[in-house]
Amino acid sequence: MFDWPQIQTTAQMRATESAAMASGAVSGVQLMQRAGMAVAGQIRLRWPKPGRATVLCGPGNNGGDGYVIARHLHRAGWAVRVLGLDNTPGPDADAMKRDWRALGPIRPLTPQQMSAECDLVVDALFGTGLTRAPDGDIARILGWLQGHPSLPVVAVDCPSGLCMDSGRPLHAAAPRCQLTVAFDSLKPGHLLAQGPRLCGRLVIEDIGIAPWRDASTLHRATLHPGLNKVLGKQPDSHKYGSGHALIVAGGRGKGGAAQLAAQAALRIGAGLVTICPPDAALPEHAGAPWALMRQSIDDAADLSQTLADPRISAICLGPGCGVDRAAQLLPPLLASGRACVLDADALTALSEHPRALHANCVLTPHMGEFARLFPDLAQALNTPAKTGPALSKLHITRQAAARCGATVLLKGADTVMAAPDGQAAIHSAFDTPFLATAGAGDVLSGLIAGLLARGQTPVAAAALAATLHSAAARHIGPGLIADDIPQAIPRILRDLNV
Ligand SMILES: NC(=O)C1=CN([C@@H]2O[C@H](COP(=O)(O)OP(=O)(O)OC[C@H]3O[C@@H](n4cnc5c(N)ncnc54)[C@H](O)[C@@H]3O)[C@@H](O)[C@H]2O)[C@@H](O)CC1
Ligand SMILES: [K+]
């Protein structure tokens, strides 16, 4: 799609690691050495003065990384206490355990050992191998950490107890970490559900296995998009070259939502935008913005006639539209095969009267609307997560897209978009809670419509729109109202050198 950070599930991560090792280019011990050294480097960068560290080493390779970290911190002058299990882990972790033993003892991994004073805890208990809730002494240690929230915790790959495929904790006391150092790529759990809150600051360290990722199966994050490459217009571009978006508006007194969508579509650079209320509501749309065109659409026949113009490249149906009007306009809209965004009342209409969708449709439900369209999937996500990999928002969005044959953008602080062919992106924006405000969703729909009009693929339009939407919100800050968002878009585009 774009040059955006890649996301690998835990299964994909294991496959990448195996492929790298099978190639002979790198061994498991070397990977563990790189991983551990990377974490120790991040700790030394952020805590330059050596202090007292407690390193918690679990039963597997995450624990193996912990022994490497302990060794590097010890060499850097830290007073290191290692707590570990009396087990024999895999051969790589076992080798790292032996190396540590030459430098210091391994104390039992029990909550009693946590009472010694320390400045920093390194959580190398469980990583991508977590399959069930930690219990016994490890669970008690997690509880102890929860009771000491001012003690900084650095997570190795992920906070232990968090399912990396879903961002759902398998244990109620998964630690809230100050820093998480993850390897090679983001995992869905870093971005979804509780993941961002528990991970704290997230750093991805390259351990040299990127060439062995299977590109055909990857998801994308939209954290640092190369938007400028995508959104820039050519100096000689023509207004029709940037498409024509049609925004369907509701009846009298209901036009505000469509106005927000229309302004967003204009700001994101659709060549032309027309707002289409019923005739009786047309006078309400007189006045600024003067760049916006107006045309009444009363019924399905009007819409069919309008869509006979091949230059209309995208339609937004739903915001403030009214469920009956949306239900009436859906058949000609879907029959046209034209790129479209279906939001709000159009989603309610669809849940009441299901219709065949197509690959140029983008559905933008929030969780409530999603639950009405795909009740079984929403219910499955609501079931408590007990084993890993736990079902995630990524899974259910991909299943919904495959089932309905359209792109689905499932809104939230963690927004997931998925296309019917399995392409998916995650946009995680837990830092803009003030975006949950009236009309913000209408603006998002308008951004998607504008980007569709400009020829973006549905999943790319959805991912770009989600990114711009939260970037604009971040720029505006608390106190934001939806009307501010389209106005902030030029500033965001300028900052991106578009
Ligand atoms: N994938 C890679 O490319 C690399 C992975 N490395 C590390 O290896 C980690 C994954 O290692 P592992 O697969 O050994 O898994 P973990 O170290 O995450 O877990 C260890 C083992 O504990 C068992 N387990 C799972 N849940 C449990 C529970 N609740 N209670 C008790 N035991 C439980 C599982 O059998 C699992 O294999 C990564 O997170 C990362 O830290 C790094 O060493 C370097 C490279
Ligand atoms: K960990």
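In case you wondered, yes, glycine gets a Cβ from its N, Cα and C as well.
Together with Asn62, Ser160, the K(+) site in TrEMBL holds one more listed residue from Asp119, Asp123, Asp206, which is Asp123. Annotated AMP-binding residues in TrEMBL are Lys411, Gly412, Ala413, Asp414, Thr415, and among Gly441, Gly446, Gly450 the one listed with them is Gly441.
Contact annotation for binding-site residues (Asn61, Asp123, Ser160, Lys411) versus ligand 1: Asn61, each with CB under 6 Å from a ligand atom. For the AMP site, whose annotated binding residues are Lys411, Gly412, Ala413, Asp414, Thr415, Gly441, the maximal Cα to Cα separation is 14 Å.
Taking the mean position of the Cβ atoms of Lys411, Gly412, Ala413, Asp414, Thr415, Gly441 as the AMP site, the remaining residues of that chain whose Cβ falls within 8 Å of it are His366, Leu410, His427, Ala429, Ala466. Checking each of the binding-site residues Thr128, Thr131, His366, Gly412, Thr415 against Asn62 (K(+) binding site) by C-alpha distance, the shortest gap belongs to Thr128.
Listed in sequence order, the binding-site residues from Asn61, Gly64, Asp123, Thr131, Asp157, Ser160 having a Cα within 10 Å of the Cα of Gly412 (AMP binding site) amount to none. The subset of binding-site residues (Gly64, Thr131, Asp157, Ser160, His366) lying with their Cα within 10 Å of the Cα of Gly441 (AMP binding site) consists of His366, given in sequence order. Shown in sequence order, Leu56, Gly58, Gly63, Gly66, Ala124, Leu125, Phe126, Gly127, Ala155, Val156, Asp157, Cys158, Pro159 are the same-chain residues outside Asn62, Asp123, Ser160 whose Cβ sits within 8 Å of the Cβ centre of the K(+) site.
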